[in-house]
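Chemist: Attaching a single structure in structure tokens format; questions to follow.
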Amino acid sequence: MKPKLMYQELKVPVEEPAGELPMNEIEAWKAAEKKARWVLLVLILAVVGFGALMTQLFLWEYGDLHLFGPNQHPAPCYDPCEAVLVESIPEGLEFPNATTSNPSTSQAWLGLLAGAHSSLDIASFYWTLTNNDTHTQEPSAQQGEEVLQQLQALAPRGVKVRIAVSKPNGPLADLQSLLQSGAQVRMVDMQKLTHGVLHTKFWVVDQTHFYLGSANMDWRSLTQVKELGVVMYNCSCLARDLTKIFEAYWFLGQAGSSIPSTWPRPFDTRYNQETPMEICLNGTPALAYLASAPPPLCPGGRTPDLKALLSVVDNARSFIYIAVMNYLPTMEFSHPRRFWPAIDDGLRRAAYERGVKVRLLISCWGHSEPSMRSFLLSLAALRDNHTHSDIQVKLFVVPADEAQARIPYARVNHNKYMVTERTTYIGTSNWSGSYFTETAGTSLLVTQNGHGGLRSQLEAVFLRDWESPYSHNLDTSADSVGNACRLL
């Protein structure tokens with residue numbers, strides 16, 4: 001039932017007609033209105049500018065991974081990045097007909113140390129830079145000892161030095177001397193965290209330049225072991241992203257630390273396989289990103305190293321050239337034994353399904369795992385005129401005279417890289433399962449078109465080594481290379 005309401009008419013007062021305003025009041029009113037509009041515009045611009053500034057500060061501090069959708073890409077990097085391949089060529093190893101020559105690792109390291117102004121972060125496996133560390137009296141240790149001396153001089157001149165190192169079982173003298181000089185050192189117990197080691201090898205200088213490659217902090221890595229790496233100069237975008245990987249190690253080096261189930265957002269990255277960084281590299285457009293292993297050490301946005309490696313293999317259409325010390329489709333350190341065919345399957349598929357030319361240059365020395373030979377023979381057996389599969393395998397043997405042969409754990413090709421017609425992959429891991437699932441490692445991936453870039457330089461290094469007298473087919477007589485190789 002609708003209630004009965006009493007309505008009363010609302011009386012609106014009748015306004016008296018307004019008279020015309022004088023001209024001076026009209027002009028004053030217009031001026032005030034114009035001023036108010038300008039004030040409003042300035043306020044709007046101030047609010048927008050403040051919002052943009054706060055957003056930029058937020059991204060700088062916390063990363064902007066979650067602000068980008070799946071089809072959106074981060075802004076390109078405008079740094080004039082310069083990449084230089086660097087190598088350690090063991091004493092006595094010569095390439096007389098080579099047309100390519102790269103700076104030495106020791107030259108690159110000393111140059112980075114001389115140019116450091118504010119900070120140096122080093123991720124490392126172990127430290128043996130002096131003869132005392134290896135109980136030797138080798139003149140060739142001088143380069144490593146000079147590197148250590150220059151490192152000791154950094155903190156006293158105001159450079160902040162941080163070193164993340166795998167919890168050591170070996171010599172500590174170098175690290176103790178660096179601590180005394182003012183460096184900070186944290187030991188990462190990867191055995192406790194993932195049942196592996198910290199196998200990474202990189203430097204970041206002033207968050208602007210960096211080295212990444214196969215060389216350990218070992219005098220032998222400068223003069224008695226064949227190494228390859230890359231130095232990036234004036235590339236702060238990539239250097240800051242590599243620093244995020246270092247910060248993860250630094251975090252895990254704290255007492256009682258554990259791997260977070262979800263990494264805090266400051267460790268996240270926006271650069272990965274799906275959204276690589278757009279850079280100008282040696283004057284040429286390129287796409288680049290950094291990958292990391294094992295997966296638990298990959299915060300938001302970081303591509304795992306194995307996924308990155310397999311993407312290079314899967315996207316190759318012409319050739320895949322690989323140079324690594326160890327190649328095993330197994331969990332190398334697993335008990336009981338476990339087969340691990342992830343990379344092996346990718347290479348076979350590339351050769352058989354797409355007709356990609358595959359070349360593997362594997363190291364052979366006195367410490368090679370004998371079971372590698374069977375797996376390498378299996379790969380090489382795919383080369384067949386009927387299937388048109390083209391896989392070839394060679395063993396690289398670094399020769400040694402009597403004195404060199406006495407140097408422990410030396411005279412080996414320690415490279416860890418891959419190059420295709422499109423992409424450069426430079427890593428720090430050997431190619432067996434445990435290195436990608438348990439051990440900490442890092443890789444740099446660069447895609448670049450044209451000739452003369454980093455990719456073509458690395459291809460030239462591979463072909464130089466492949467065609468050299470130090471590379472041997474699997475059916476080579478063991479007598480022809482002496483007893484330095486366990487796989488012949």
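Just so you know, glycine gets a Cβ as well, placed from its N, Cα and C.
Sharing the feature lines straight out of Swiss-Prot:
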TRANSMEM  39-59  transmembrane segment
DISULFID  CYS77-CYS237  disulfide bond
DISULFID  CYS81-CYS235  disulfide bond
CARBOHYD  ASN97  N-linked glycosylation site
CARBOHYD  ASN132  N-linked glycosylation site
DOMAIN    194-221  domain 'PLD phosphodiesterase 1'
BINDING   HIS199, LYS201, ASN216, HIS414  phosphate binding site
ACT_SITE  HIS199  active site
ACT_SITE  HIS199  active site, proton donor
ACT_SITE  LYS201  active site
ACT_SITE  ASP206  active site
CARBOHYD  ASN234  N-linked glycosylation site
CARBOHYD  ASN282  N-linked glycosylation site
DISULFID  CYS364-CYS485  disulfide bond
CARBOHYD  ASN385  N-linked glycosylation site
ACT_SITE  HIS414  active site, nucleophile
BINDING   PHE436  Mg(2+) binding site
Chemist: Out of LYS201, ASN216, ASN385, CYS485, give those recorded positions positioned within 10 angstroms of CYS81 (disulfide bond), comparing C-alpha atoms, in sequence order.
Modeler: none
Chemist: Over the domain 'PLD phosphodiesterase 1' (194-221), what does the predicted model average in pLDDT?
Modeler: 98
Chemist: Rounded to a whole angstrom, what is the C-alpha distance between ASN97 (N-linked glycosylation site) and the residue listed as 'Mg(2+) binding site'?
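Modeler: That separation, Cα to Cα, works out to 37 Å.
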Chemist: Check the Cα-Cα distances from HIS414 (phosphate binding site) to the recorded positions ASN132, ASN385, PHE436, CYS485 and tell me which is shortest.
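Modeler: So, spelling it out, the nearest of the recorded positions is CYS485.
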Chemist: Per DSSP, CYS237 (disulfide bond) is which: helix, strand or coil?
Modeler: helix
Chemist: List the other residues in this chain whose Cβ sits within 8 Å of the Cβ centroid of the phosphate site residues HIS199, LYS201, ASN216, HIS414, in sequence order.
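Modeler: Counting only non-site residues, the set is PHE125, THR200, SER214, ALA215, SER221, LYS416, THR428.
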Chemist: Let me know the largest Cα to Cα distance in Å among the phosphate-binding residues HIS199, LYS201, ASN216, HIS414, as an integer.
Modeler: 13
Chemist: I'd like to know which of these glycosylation sites, ASN234, ASN385, is least surrounded, judged by other CB atoms within 10 A.
Modeler: ASN385
Chemist: If you measure ASN216 (phosphate binding site) to CYS235 (disulfide bond) at Cα, how many Å is it?
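Modeler: About 23 Å separates the two Cα atoms.
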Chemist: Helix, strand, coil: count each for the residues of the domain 'PLD phosphodiesterase 1' (194-221), based on DSSP.
Modeler: 3 helix, 12 strand, 13 coil
